[in-house]
Amino acid sequence: MLVWLAEHLVKYYSGFNVFSYLTFRAIVSLLTALFISLWMGPRMIAHLQKLSFGQVVRNDGPESHFSKRGTPTMGGIMILTAIVISVLLWAYPSNPYVWCVLVVLVGYGVIGFVDDYRKVVRKDTKGLIARWKYFWMSVIALGVAFALYLVGKDTPATQLVVPFFKDVMPQLGLFYILLAYFVIVGTGNAVNLTDGLDGLAIMPTVFVAGGFALVAWATGNMNFASYLHIPYLRHAGELVIVCTAIVGAGLGFLWFNTYPAQVFMGDVGSLALGGALGIIAVLLRQEFLLVIMGGVFVVETLSVILQVGSFKLRGQRIFRMAPIHHHYELKGWPEPRVIVRFWIISLMLVLIGLATLKVR
């Protein structure tokens, strides 16, 4: 919005030309989202407390979590608000990639909101019925994937980028839709599963979004894309603004979500942020990179799959409790230790993922 306005005002004052620089807009996008999140935090927490929108804690969970019962949840609303406002202010409104991310972000946020509402108002720990949750998540993911396929069919936008191989980028055809679907829905659920401890999900999300900001900048730059042997996608550059907005909003939320948390993001935040990371990876053609950089989310999800599968097949559990962060809690690790160590692992994985762009 402001970019469009600046383009019309630059003829009156050349200083408005600064709005055309991607690096400038990336920085102010981050700061805008950060300040909005920090400003909304105390007000959102007070309002949620007034409405008695408190966290519902499972009785079969770790005993240390019982003290979290009643902590305001649905704080993801302030994350999404900060991201959307910042992106609308600083990104080019004509960029289709930006709108794809916003559709998934807001759409998954609405699904998460309904899920949270059922939990906090009806005191139902299960929330929205699983089949309906997956149905609407699938509708959004398939809708966006199909639209992207129609527009980008037989172009670099539908190629599969394989790490470590510079010339292996096959056309996916209709498999593009299937891959995009699983990445978007899978990442949404993976971040949701990870969001079980104070600040555990938001910091890896910030790290991954920051990594994708660098990838988006390189993908949208013809020279760097050629240098790194990745597809050049002319719309990808504006995803930098989206990624930095996620970073800013996430850091602002962490101010209130750090241990001991004053507010939880709820499904409205975790589903939306996971879906956003998924669609960003799809748009940048970096699904494999997401698996590496988002390794914490992958491990959390695999721990649940293995736990359920093992119990059904053998009648035995692999972990003391799943997702795996609860396993370490029950082993006696203090919650802050689990959180910070997972953060460190996440940062390492993002750096490793970025390094793979050059190792080809």
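Quick reminder: no glycine exception, Cβ is built from N, Cα and C everywhere.
Keep in mind it's a predicted model, so treat the numbers as computed, not measured.
Same-chain neighbours of the topological domain 'Periplasmic' (1-25): 88-93, 217, 237-238, 240-241, counting only residues six or more beyond its ends whose CB sits under 8 Å from a CB of the stretch. Marked as topological domain 'Periplasmic' by Swiss-Prot on the basis of sequence analysis: 1-25 (among others).
Taken from Swiss-Prot, the feature topological domain 'Cytoplasmic' applies to 47-71 (among others), supported by sequence analysis.
Through the fold, the topological domain 'Cytoplasmic' (115-131) approaches residues 52-56, 58, 73-74, 266-268, 271 of its own chain, all at least 6 residues removed from its boundaries and within a Cβ separation under 8 Å. Annotated topological domain 'Cytoplasmic' per Swiss-Prot: 115-131 (among others), in sequence order, evidence recorded as sequence analysis.
Taking the topological domain 'Periplasmic' (153-167) as a whole, pLDDT averages 87 in the prediction. The topological domain 'Periplasmic' annotation in Swiss-Prot covers 153-167 (among others).
Within the chain, the topological domain 'Cytoplasmic' (189-198) has long-range Cβ neighbours (under 8 A, six or more residues past its boundaries) at 112, 137, 204-205, 257-261, 264-265, 267, 269-271, 273-274, 277, 294, 296-298, 300-301, 304, 323, 325-326, 329, 335, 338-339. If you look up Swiss-Prot, you'll see 189-198 (among others) marked as topological domain 'Cytoplasmic', on the strength of sequence analysis.
Here the topological domain 'Periplasmic' (220-235) has long-range neighbours at 95-97, 156-157, 159, 161, 166-167, 169, 283-286, 357-358, 360, meaning same-chain residues at least 6 beyond its ends whose C-beta is under 8 angstroms from one of its own. Per Swiss-Prot, topological domain 'Periplasmic' is recorded for 220-235 (among others), and the stated evidence type is sequence analysis.
The topological domain 'Cytoplasmic' annotation in Swiss-Prot covers 257-262 (among others). Non-local neighbours of the topological domain 'Cytoplasmic' (257-262) in the same chain are 41, 45, 68, 71-72, 75, 197-199, 202, 335-336, 339; each lies 6+ residues outside the stretch with a CB under 8 Å from one of its CB atoms.
As annotated by Swiss-Prot, topological domain 'Periplasmic' applies to 284-287 (among others), with the evidence given as sequence analysis.
Look at Swiss-Prot and you will find 309-337 (among others) tagged as topological domain 'Cytoplasmic'.
The feature transmembrane segment is assigned by Swiss-Prot to 26-46 (among others), with sequence analysis given as support. Tertiary neighbourhood of the transmembrane segment (26-46): same-chain residues 72, 75, 77-79, 81-83, 85-87, 89-91, 213, 240-241, 244-249, 251-253, 255-256, 262-263, selected by CB-CB distance under 8 Å and a gap of 6+ residues from either end.
Annotated transmembrane segment per Swiss-Prot: 72-92 (among others), in sequence order, evidence recorded as sequence analysis.
Residues or ranges marked as transmembrane segment by Swiss-Prot: 94-114 (among others).
The transmembrane segment annotation in Swiss-Prot covers 132-152 (among others), and the record cites sequence analysis as its basis.
The annotation transmembrane segment is assigned in Swiss-Prot to 168-188 (among others).
Within the chain carrying the transmembrane segment (199-219), a Cβ under 8 angstroms from the stretch's Cβ atoms is held by residues 22, 26, 191, 225, 228, 230-233, 236-240, 242-244, 246-247, 250-251, 253-254, 257-259, 261, 265, 269-270, 273-274, 277, 280-281, 284-286, 289-290, 293-294, 296-297, 325, 338-339, 342-343, 346-347, 350, 353-354, 357, all 6 or more beyond its ends. Taken from Swiss-Prot, the feature transmembrane segment applies to 199-219 (among others).
Taken from Swiss-Prot, the feature transmembrane segment covers 236-256 (among others). Panel annotation: around the transmembrane segment (236-256), residues 22, 25-27, 29-38, 41-42, 45, 75-76, 78-80, 82-83, 86-87, 90-92, 95, 97-98, 101, 199, 202-203, 205-206, 209-210, 212-213, 216-217, 219-221, 262-263, 265, 269, 273, 276, 280, 283-284 of the same chain, lying at least six beyond its termini, place a Cβ under 8 Å from a Cβ of the stretch.
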Provide the three-state DSSP residue tally for the topological domain 'Cytoplasmic' (257-262): helix first, then strand, then coil.
1 helix, 0 strand, 5 coil
Using a cut-off of under 8 Å between C-beta atoms, tell me which stretch among 132-152, 263-283, 288-308, 338-358 contacts the transmembrane segment (94-114) the most.
263-283
Within-chain partners of the topological domain 'Periplasmic' (284-287) [C-beta distance under 8 Å, separation at least 6 from its ends]:
156-157, 159-161, 179, 183, 212, 215-216, 219, 230-231, 233, 236, 239
Counting by DSSP, what is the helix, strand and coil composition of the topological domain 'Periplasmic' (220-235)?
7 helix, 0 strand, 9 coil
